[in-house]
Every structure is written in C-alpha cells, then in structure tokens.
Amino acid sequence: MKVLIILGLVLLSVMVQGKVFERCELARTLKRFGLDGYRGISLANWMCLAKWESDYNTRATNYNPGDQSTDYGIFQINSHYWCNNGRTPGAVNACHISCNALLQDDITEAVACAKRVVRDPQGIRAWVAWKAHCQNRDVSQYVQGCGV
C-alpha cells in the first residue's frame, strides 16, 4: 500500500512539473523545429533564452502583478500580448492560442508562438531575460557538446 501511495505521489509530481528538457535534448529539438538561424537568431541564443526564462521547463509560469499577466512555458510567453488565458485584462492574443498550449510537453505551439514574437520589430529583444543574460555575450556554452 505504501508503495502505491509513493508511486502516486511521484507520478503526480511529474505531471505538475511537466517536461524539463536536458540541454542537448532541447537544442536538438529546437534545431529540428527550425529555430537555428530563424530571423538571424542562432540556436545558442534560443537556448540561452530558454535557460534563463524557464530553466528548460515546459510548465514554468510567472505571474506579473503589474499588468495582471502571466508568462507561460519554456519561452515564458506573456498572456498580455501573445496568448489567451481568459484572465488577463486587455489581452491581444497575437499567437491566437490558449496559454495552456504553451505548457505542453510537446513544444510545437510554443515554438510557433516564439517565432511569431520575433517577427515583431523588437525581435528576440522582447524577452527581458535574453537582454539581461544573453545579448552581446558568448552563448556558445548552451549548445556546446550537443552536436548541433
């Protein structure tokens, strides 16, 4: 009986945590989705962004009390501009998706929305974490040894 309870708790924690990618696994996945060089942005920059925004966690969320928005998923895409969570006042939903779609282990929708974000004039500078931790820095460490 104790084994079943422990197993249940372990499975529940995995479900709540979502998928946390290994660094090279994510690098290969993002490359397969066409992010390497997309809009002139290197794969290493995308990896740096994902590291600092979510620590490679698909279920990461962050509430922003100022505008009552929430950042979602591996790229921490914001509900004020890019997705619909049904709670953010004045939301634009430029990616035309539910914010919950950004929390899936399958990051297809998250990648598609990230591509939409960088098509705007700000490009990758839309992400504060990228500006703080990746811009004008050697980001090669994020793909080093991954064979991508």
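Any Cβ shown, glycine's included, is placed from N, Cα and C.
Per Swiss-Prot, these features apply:
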type: ACT_SITE; residues: Glu53; note: active site
type: ACT_SITE; residues: Asp71; note: active site
type: DISULFID; residues: Cys24-Cys146; note: disulfide bond
type: DISULFID; residues: Cys48-Cys134; note: disulfide bond
type: DISULFID; residues: Cys83-Cys99; note: disulfide bond
type: DISULFID; residues: Cys95-Cys113; note: disulfide bond
type: DOMAIN; residues: 19-148; note: domain 'C-type lysozyme'
type: SIGNAL; residues: 1-18; note: signal peptide
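Shown on the structure are the features that Swiss-Prot records.
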residue	record	DSSP (3 states)
Cys24	disulfide bond	helix
Cys48	disulfide bond	helix
Glu53	active site	helix
Asp71	active site	strand
Cys83	disulfide bond	coil
Cys95	disulfide bond	coil
Cys113	disulfide bond	helix
Cys134	disulfide bond	coil
Cys146	disulfide bond	coil
When distances run from the Cα of Cys146 (disulfide bond) to each of the recorded positions Cys48, Glu53, Cys99, the nearest one: Cys48
Asp71 (active site) and Cys24 (disulfide bond), distance between Cα atoms, whole Å: 24
Shortest C-alpha distance to Cys48 (disulfide bond) - which of the disulfide-bonded residues Cys83, Cys99, Cys113: Cys113
For the disulfide-bonded residues Cys83, Cys99, Cys113, Cys146, the one whose C-beta sees the most other C-beta atoms within 10 angstroms: Cys83
Cβ-Cβ distance under 8 Å to Cys134 (disulfide bond), same chain, at least six residues away: Asn45, Cys48, Leu49, Trp52
Listed in sequence order, residues with CB under 8 A of Asp71 (active site) and six or more positions away: Glu53, Ala60, Thr61, Asn62, Asn64, Ile77, Asn78, Ser79
Confidence summary for the domain 'C-type lysozyme' (19-148), mean pLDDT rounded: 97
Glu53 (active site) CB neighbourhood, other CB atoms within 10 A: 22
Densest Cβ neighbourhood among Cys24, Cys95 (disulfide-bonded residues), 10 Å radius: Cys95
